[in-house]
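According to TrEMBL, the features are:
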TRANSMEM  6-26  transmembrane segment
TRANSMEM  95-114  transmembrane segment
TRANSMEM  126-159  transmembrane segment
TRANSMEM  171-199  transmembrane segment
TRANSMEM  211-235  transmembrane segment
TRANSMEM  274-294  transmembrane segment
TRANSMEM  306-325  transmembrane segment
TRANSMEM  345-365  transmembrane segment
TRANSMEM  372-389  transmembrane segment
Amino acid sequence: MGKFFLSRDFWIGLGLLIIFFSHYIIMGQDSVWYAQDYTELVIPWYKLLIDNNGLWKSNDYTIPGMLDYLPRASFASAFFLKTWLFFFFEPFQAVLLNKLLIHVLAYCSGYHLLDHFLQKKPDSRIALFSLMWASIPFWPEAGIGLAFLPTVFLIFYRISQGEKFKLVHGFLIFFYCFYSILHLNGVFVIVFLSIGGLYHLLKEKKINFPFWGALAGLCLCYAVFSYRLLLVYFFQRNWFIPHRVEYDIYSFVRYHDDIPAKVAEILFFGNTHAAFIAPFFYLIIAGFLIGSTFLRNKSNVFRPILWLFLGVNAIALLAALVTYIPLVERVPLLLNMKEFSFERFYFLIYPVMIFASSFILNDMFSLPRLKFLAWTLVLTILGYQLLVLDNNAKNYVLKPLLGVGEKYPTYREFYAVDQFKLIKSFLDEKSPSGYKLASLGFHPAITSYNNLNAIDGYTGNYSLAYKDEFFEIIKDELGEDDRENWLYWHFKGWGNKAYLFNQIHKDDFMRMKWLETQIIDHPKYNYEKMKEMGCLYMLSTDPVVDEDNLDFMKKFEHPASAWDIHVYKIK
């Protein structure tokens with residue numbers, strides 16, 4: 001399988017990929033990383049886990065810093081490569097290495113697949129298509145769950161075609177599980193491969209033992225690597241009831257009442273927790289099929305592309321249907337499955353769309369009259385992925401060029417380490433015996449990242465008891481529990497964000513210092529409950545007027561921070 005490593009074009013393509021993302025390396029912490037469930041959610045998890053030596057502790061071991069404290073079970077597995085990046089490197093270095101590894105492995109995986117199916121085509125073309133795949137913005141927390149799927153598919157495809165199971169197959173399956181997450185991608189990959197295996201069984205009328213053995217190995221690896229998650233959800237309810245049991249469909253962004261809009265979103269734009277994609281892939285496939293219907297001699301890829309296109313549309317429609325509120329309300333099974341984002345099976349359509357487009361573009365490159373169009377499409381896709389989909393390039397190039405969009409903080413400005421060192425030193429001096437705090441106008445993950453103990457936070461797995469306790473703090477500010485009050489159900493029905501929501505900021509916790517000031521006037525928080533939970537201070541990006549409950553202490557400003565922080569002591 002490794003013969004393509006000897007190809008000069010393989011290395012040229014890989015070099016271009018590194019150049020594609022070199023701005024992250026060059027700019028370091030002055031690069032931009034969006035808070036799309038990453039900087040405000042994921043990165044502090046790993047830092048807290050490592051800082052508190054929690055890697056090999058039992059599930060009920062408590063780790064302070066976020067939502068007061070969380071059990072070890074709420075954090076990443078020790079059997080996940082990204083965890084070890086945070087163990088051996090500083091947080092930003094780990095974040096950067098993780099991103100580069102994902103894209104490099106995506107390139108190798110794409111090349112692996114295309115080298116098998118386009119054996120008689122120029123290596124330069126294979127490298128170009130692999131670059132097109134590897135440069136989409138994969139969600140970094142998912143590891144190689146999506147990025148390495150071409151190799152996983154190829155392994156099982158070749159075994160299903162009669163190839164013997166080899167040691168290298170076992171290693172690649174093991175590595176895939178070690179660098180991906182069961183509930184994000186793994187479970188859907190297992191289901192997809194199982195369906196493929198059953199189809200082959202019905203067609204051939206015999207059991208392919210190497211195939212099912214490899215699939216069993218995949219399942220076993222995931223079960224071992226995800227043992228903490230499986231234990232806490234299914235076998236440890238005696239001490240931990242997750243807040244997810246209260247999930248409510250009306251508070252989910254994933255639930256909707258507009259099927260065409262949802263289908264279009266899936267097919268044309270991608271998803272935060274998978275990858276954002278260019279709409280051109282769908283258009284290339286549709287255009288190819290429409291154009292081919294008028295040709296007498298159709299391309300040999302026409303029929304498989306047609307079936308893939310129909311499958312992609314069917315999956316997108318199904319994903320939209322199973323989260324369509326009027327339908328979910330009438331189907332108890334769908335209603336009872338709200339705790340798990342089971343519709344994420346549609347994430348698997350993105351490699352299908354991109355590689356189907358690659359086969360079409362390959363045909364176009366082979367025809368002199370379409371070669372220029374093929375180059376135009378490929379370069380347009382690569383340009384779109386760099387300037388529109390890449391957060392860093394978009395903020396430093398596209399936004400200033402077009403004069404649209406607000407300025408977004410860099411990694412350094414977001415976490416504001418130097419500023420929070422001053423804040424921590426100030427509060428340590430005021431309360432040497434210890435204290436907790438809460439945040440307004442900026443994500444609590446920033447305080448957790450900077451070694452301050454926050455009673456608020458954002459996580460996908462904390463106790464229902466703590467959610468109920470935190471609700472006592474914010475319930476009056478949230479307002480009535482009618483269905484029109486989105487903010488109330490955002491916490492009570494979803495609850496992953498246990499934040500100090502208020503009627504001024506709503507769910508806006510990106511109140512950077514260059515935005516217009518919004519005064520928060522007498523928020524209806526239960527300050528007695530906050531003090532009961534050990535919260536002595538409140539930090540806010542905007543001034544808070546509540547002289548009966550808060551004492552203003554100091555305003556902290558810093559040139560390397562996105563925030564102006566007002567510090568208040570709760571009376």
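Just so it is clear, glycine is given a Cβ too, placed from its N, Cα and C backbone atoms.
Contact between the transmembrane segment (211-235) and the transmembrane segment (345-365) does not hold: fewer than three of their C-beta pairs are under 8 Å, each pair 6 or more apart in sequence. Contact counts against the transmembrane segment (372-389), taken as Cβ pairs under 8 Å, peak for 126-159 among the stretches 6-26, 126-159, 171-199, 345-365. Counting Cβ pairs under 8 Å to the transmembrane segment (306-325), the top-ranked stretch among 6-26, 126-159, 171-199, 345-365 is 345-365. Counting Cβ pairs closer than 8 Å and at least 6 residues apart in sequence, the transmembrane segment (345-365) and the transmembrane segment (126-159) reach three or more and so form a contact.
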